[in-house]
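Peer 1: Can you read through this structure? Questions will come right after.
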Amino acid sequence: MSWIMAAGLIVNAAMGAGLLNIAKAYDEAGGIVISSILHAIVVLLVIGAYAILFVCCDKSTSSYEMFVLNKCGKFWQRVCSVCIILYMYGLSITFFIIIGDQLDRFLTFAVGVNYCSHWYLDRRLMIIVTSIILVFPLCFSKTIKFLQIPSMLGVLAIIYVVIMVPVKYFSQRPTDVIIKKYPDSWTDIFLVLPTMCFSYQAHVNAVPVFVSLRTRADCIKATLASTIILICSYCLVAVCGYLTFGIKVEHDILVRN
């Protein structure tokens, strides 16, 4: 696998729900200045974690759980497995909710506001059908390399959001937006840290990606390229999205767009 494809896989794994919620996190943290400082701290920690992963990975490491087993022992490997299950469960729920939100918007446009009157267009049924047709077939691959093409399609969807939010801000230039300069409570700063960490969370996926690369230099290139793309994307969406909607920004920025 080339380091460019590896960077695309990491970007696609890390970016998603966090991109839609990052503007709201900036609002809850107390505005752009404080949020940018927190953002920078999170990025430094993330880069350090990736550095540890690709330095310690070898060809015998096929997954994040195997990495923990080799370096920390069986007990922590089991703890890690439980944490990954819980993390993936919560992540899946988040993405299914987003899928449902976007299906609602699409069906409202395609069918009309009364689409819910048809049982076969029910939100819950549409989420199940979409998941079975589009998501379930991708779960059978034994190697991460299979996901190169689907991941690039995901990156294209991300590019759309990253471009759309700044375009909306610069085309409208809202003047009646209320912007925070400090948080409502100092504890709010810590409440948004999970959102920012979640925005860069791809360490579980990074291990098989690093193993599939040929050299450590490729790992470094993939890590730096993916991190730069993530930083630029999140900052654009967060700053422009927050300046567009201010304190009225939603948890899912696409709901207001």
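From the backbone N, Cα and C atoms, a Cβ is placed for every residue, glycine too.
When I checked TrEMBL for this same protein, it listed these features:
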DOMAIN    2-254  domain 'Amino acid transporter transmembrane'
TRANSMEM  32-55  transmembrane segment
TRANSMEM  75-99  transmembrane segment
TRANSMEM  119-140  transmembrane segment
TRANSMEM  152-169  transmembrane segment
TRANSMEM  189-211  transmembrane segment
TRANSMEM  223-245  transmembrane segment
Peer 1: Six or more residues out from either end of the transmembrane segment (119-140), which same-chain residues have a Cβ under 8 Å from its Cβ atoms?
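Peer 2: Sequence-distant neighbours of the transmembrane segment (119-140): 96, 99-100, 103-104, 107, 111, 146-147, 150.
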Peer 1: Assess whether the transmembrane segment (32-55) lies in contact with the transmembrane segment (223-245), where contact requires at least three Cβ pairs under 8 Å among residues 6 or more apart in sequence.
Peer 2: yes
Peer 1: Restricting to CB pairs under 8 Å, which listed stretch, 75-99, 189-211, 223-245, is in contact most with the transmembrane segment (152-169)?
Peer 2: 223-245
Peer 1: Looking only at residues six or more beyond either end of the transmembrane segment (223-245), which have a C-beta under 8 A from one in the stretch?
Peer 2: 3-4, 6-8, 10-11, 14-15, 18-19, 22-23, 25-27, 31-32, 35-36, 39, 43, 46-47, 50-51, 54, 158, 161-162, 165-166, 168-170, 172, 174, 177, 179, 199-200, 202, 253, 256
Peer 1: Quickly jot the same-chain residues contacting the transmembrane segment (189-211) by Cβ under 8 Å, restricted to those at least six beyond its ends, or write none.
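Peer 2: Same-chain contacts beyond the ends: 1, 6, 9-10, 13-15, 17-19, 21-22, 24-26, 28-30, 34-35, 38-39, 42-43, 45-46, 49-50, 53-54, 57-59, 61-64, 66-67, 84, 87-88, 143-144, 183, 219, 222, 226-227, 230, 234.
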Peer 1: Cβ under 8 Å, sequence separation of at least 6 from the ends of the transmembrane segment (75-99): give me the contacting residues as numbers and ranges.
Peer 2: 16-17, 20, 64-66, 68-69, 127, 130-131, 201, 204, 252
